[in-house]
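Asks: Below are the features listed in Swiss-Prot for this protein:
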DISULFID  34-59  disulfide bond
DISULFID  35-75  disulfide bond
MOD_RES   24  pyrrolidone carboxylic acid
SIGNAL    1-23  signal peptide
């Protein structure tokens, strides 16, 4: 009887602690997109639709993810001149489309 009472107390304590941990906002797992390899060659500009910068501290390196019109995502090095030029072009294109 003493053993089952002790076990019940232990389980209740563990359950209350796990509820506390799950209620913490930092314990929520948010999916993170990271790039582990970069494209080596230029992508044809006419195939691109948009881009997204990846600067998350949990990723091994900074990157730019270009999204193509075919919905593919391609990682590129933001330090490369052509990548910067493409980002500027896409920014100007999106500004021109806004009324």
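Cβ atoms here come from the backbone N, Cα and C positions, even for glycine.
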Asks: Could you check the disulfide-bonded residues 34, 35, 75 and say which one's CB has the fewest neighbouring CB atoms inside 10 Å?
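Replies: Each of the disulfide-bonded residues 34, 35, 75 was scored; lowest Cβ tally within 10 Å is 34.
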Asks: Quick check for the class: what is the C-alpha distance, in angstrom and rounded, between residue 34 (disulfide bond) and residue 75 (disulfide bond)?
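Replies: Here the two Cα atoms lie 9 Å apart.
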Asks: Which whole-number value in Å describes the distance between the Cα atoms of residue 59 (disulfide bond) and residue 75 (disulfide bond)?
Replies: 13
